Each structure stands twice: as structure tokens, then as C-alpha cells.
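Novice: Have a look at the structure that comes next, please.
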Amino acid sequence: MASFPSLDNDRLLRTARGEPTDCTPVWMMRQAGRYLPEYQAIRKEHSFFEVVETPELAAEVTIQPVERFSLDAAILFCDIMVVPEAMGLTVKMVSGQGPTFPKPLTTPDEMERLVEPDVESALGHVFEALTVTRHELAGRVPLIGFSGAPWTLMAYMVEGGGSKSYRAARRWLYRHPDASKALLQRTTDVIVEYLIRQVDAGAQMLQVFDSWAGLHTPENFRTFCLPYLAEIATRVKAAHPDVPLVIFAKGAHYALDALADTDYDVISLDSTMDPDAARDTVGDRAVLQGNLDPCALYAPPDVLRREVQHMLAGFGPHHHIGNLGHGMLPDHDPEHARVFVDAVHEHSRHMRTV
């Protein structure tokens, strides 16, 4: 592993390990990106995937919110679709639609189009971006790496793009359960190597995004999500036992107890999950992250501060990482993001004194 500057602010990592801190650490999913004018200026000159695939540009965009706000982490500017790309599928970023696959996997026979990638070669730009970013951060805050989860990536690979129901992908689970498991396992193997290499390249915490976990029945989650999520955590921890792992299984309320029994250190909650109930279920088995409604950032600052106080009261002063229940939205006012970040720090400090 490369040599990096020492870390000045380790509040996030200490919280993820269950250690006490002076206040609640905070970062925001999609904190780097479309709502920031400085990002928009870069996008006028470069396409989305050009930014992702150019380490210096990815590093610049990753650091932009750290320069602007008092965040406790940077998260690499990248995209979960780099894994399906590495496996041989073509991904296009279409304005107004997001990622699309011109040739999705419509039948199990089409899995023959997939390749077993040389992860180091196929995703080398990601690893280089992590290394460049880690050096440019100069120890200000830790750097988070991430990947999409096997089911969420499969949903896109089969559906061909975004969908409200992902019925084509879910149809696979019922019509082709064995092929679905084979696809999930192949994707899992790539993700594991990808995440391990991210740590080697400079990532100090890792998050797995299972954005469409909540589309499953509890039984299908246990069959088509949980085993692969658990395997990822176990295998990555075997390689890097000291690196905190976060799981974000959006919408899977019923899965909290099972996820708490895996090797993930942190469970990220979406905005529909009740922090008190989650704490009762999880106990001290995992730290919780989240979960302010992103739309609360549209509120006037005084209302937003009250929403933050309410969120923090639900989680309590310890074993909590402040975040949103999903990502920043393109039309968010950056100054309201500042209010959110500062309010988490200020009110959580106050909570520790009473």
C-alpha cells in the first residue's frame, strides 16, 4: 500500500469503530456533484464519464464539497456502473434518464457476453483517482470508496436502466433463479476485488449501495441479497480488518436485524426508517448512519435546523454518523447543505453537554 499523509480529522472512523467523539460526524451521499456550481463548471467542459475516468478531474470534484463545507469525509466521485462496464457491458449516461444499457441482459444465455475482468486494469482509473485524492486531501478528512451491491447492479444490467419497479430484473428471480444466483455471484466476486483494491489505493472506509433492496419481499431479500452482501463484508474484512464497512440497503426495513449480524460496521438508514426502532433492533451490533429526508434541505434554515435536531434526538449522541436518507438532489441550494452540516455538529456537541 502507498504511503499517505497522516489523518487530522478521524471523527468518522472513530465513530464507525464505536469510539466516542466530540460531536457527530457528518457527510452527505452525493455530496460531490450536480448541485455545486463548481461541479457544473467542470461539466461544461467534460462529460460525466470523462470526469469519472480522469483521475485528476475525479479528485477535483471529490474535494469540492470538502473545500466548501465542514464535512468529516470525502467520498470518491465515481459511479456504481463502472462494475458492469468492467464486466463487458456498455453503459451510456443519458440526460434526464441516468445510466442506460443499450444491450441489457434479456435472457440468461446473454450472460455469455460477460467477461471476468482484470480488475486492476479495467478499473485502474478508479484506483488512481483514490490515490490522487488521498494525497490532495492531505489528511483533512478520511476518504470513502464505494460500490453498488450485486442485486442493484443486476437490476440495472437486466432492466437496461432506471425503473420504478424493475420488473424485468425481478422476473428473472422467479423465472431464472439459478441464473440469477450465478449472475449475483459473478458480480460479487468482482465487487470484492474492487473494494479490496480501493483500500490498497487509499480508501479509508467503504460503502456498499443496495439502492433497490427494498423492492424485494423479505424472503427474496434473504435469497438474492443477504448472502452476497454478507459475503462481500466477510471477504473484504479478511483482507482489511480495520477498514470500516457501511451497508445501505434502501427500503429494506425488515433486514436490519439480519444485516446487523453481518460484518458491516455501519448500517445506513433511509429516510423512511425510524431511528429509535432501528436502534432497538440493531443494539450495539452496528453503528447507524443517516437519515434526514433530502427534501428537508428545501426548508428554510430555521426549519432545517429543527429537522436536524429531531433526527439527532432519534439517534442519540453516540454511535451515529449524520447523513441524508438518500443522495443530494440537483436543485439543492449549497447553502442549505452548509446549514445541515453545521447543525449536525453544533447540536450534537450540545447533546453531549446535557
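Positions of Cβ are set from backbone N, Cα and C atoms, glycine also.
Not my notes, these are from Swiss-Prot:
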type	residues	note
BINDING	R30, Q31, A32, G33, R34, F49, D79, Y156, S211, H326	substrate binding site
SITE	D79	site 'Transition state stabilizer'
Novice: Are there any residues at least 6 positions away along the chain from R34 (substrate binding site) with a Cβ closer than 8 Å to its Cβ? List them or say none.
Specialist: Q40, R43, M328, P330
Novice: Please give the greatest C-alpha separation between any two of the substrate-binding residues R30, Q31, A32, G33, R34, F49, D79, Y156, S211, H326, in angstrom, as a whole number.
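Specialist: Across R30, Q31, A32, G33, R34, F49, D79, Y156, S211, H326, the widest Cα separation comes out at 23 Å.
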Novice: May I ask which residues of the same chain, at least 6 positions away in sequence, place their Cβ under 8 angstroms from the Cβ of R30 (substrate binding site)?
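Specialist: In sequence order, the residues whose Cβ lies under 8 Å from that of R30 (substrate binding site) (at least 6 apart) are G327, M328.
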Novice: Note down the number of other Cβ atoms within 10 Å of the Cβ of D79 (substrate binding site), including every protein chain shown.
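Specialist: The Cβ of D79 (substrate binding site) has 19 Cβ neighbours within 10 Å.
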Novice: Once the chains shown are all counted, how many other Cβ atoms turn up within 10 Å of the Cβ of A32 (substrate binding site)?
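Specialist: Excluding its own Cβ, the number within 10 Å is 24.
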Novice: Including all protein chains shown, what's the count of other C-beta atoms within 10 A of the C-beta of S211 (substrate binding site)?
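Specialist: A 10 Å sphere around the Cβ of S211 (substrate binding site) contains 21 other Cβ atoms.
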